[in-house]
Amino acid sequence: MSNSGEDFQVVTRKKWMARKCLRRRDRHKSESDYLIDCPDVNVEKFQPRLENLCTEMCQSDYFLVAMEALQQQLEGIRKPLERIVCLGLGPFSRTYHALHQAAFVIGLHRHHKIREALYFDPVFRDSEKELIRLFDGCIMSKDCAGKHEATVPTLYYLPHCPYALMHNILWSNWKRETLPNVFLISNSFEMLTMTPRNQDDHITRIVEHCTETPLEDDYEHHNVFNDLSLHTFPQESLPGSNDEAFWTRCAPLKVNEDELITETETSLAALKLESE
């Protein structure tokens, strides 16, 4: 065991933590660089690839069970869905998870024959916007930061989005007559409220009055749809209109665009694009 002092180095906890933080920073930097530097896709070649994935998605157990859960909740209002609003989908031509989520939204759009599908994400490239249009979607002209009113039965799809975005959807529809029009697929409210938060915000207030249906992540590609639930707000479960304390709106929350982009970069695995 000669020269043991040269062969081995004592690594203190502080040094280990510092290295771990640097590795996280480097990984984040590489993912960020990938999203920026990734070559743009050829729309004509990418369209059939997405179409094939939509077909596979609509045949998956995950999709069929999710559609059944959604249909059960729609029976409560006895109206069809008329609009989809998809916020924070991510750069679906460049990331694996976002690509499968895009296929889910397109499949849902077709399955329920919804007349209007609106999308917004600050990371969308022009090619991704064009693909959305080719699949009968529309790009919202500006960032509404979740401030969108459900004047008709509306499915909001917010996969792994910031807390503020989900809060602002509720804030915009904080009326006993409007909340039943909201069908929200997002991170589980039950899980989110396990972390202590402002007791006056809308997610904390509504959690005991909403119906949450977990969408079990049994999709063949793991972690694409983890921790997502369908949230609905049946009118019979809501407090009466005379409950002024409950129905008084608190302030909307600020959605930091950088936070939305950061969550996209750090939570989605890079999708290797192959030129065909």
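Each Cβ is built from the backbone N, Cα and C atoms, and glycine gets one as well.
Within the list Tyr34, Tyr96, Tyr219, the entry that Swiss-Prot describes as phosphotyrosine is Tyr34. In Swiss-Prot, the annotation phosphoserine falls on Ser30, out of Ser30, Ser237.
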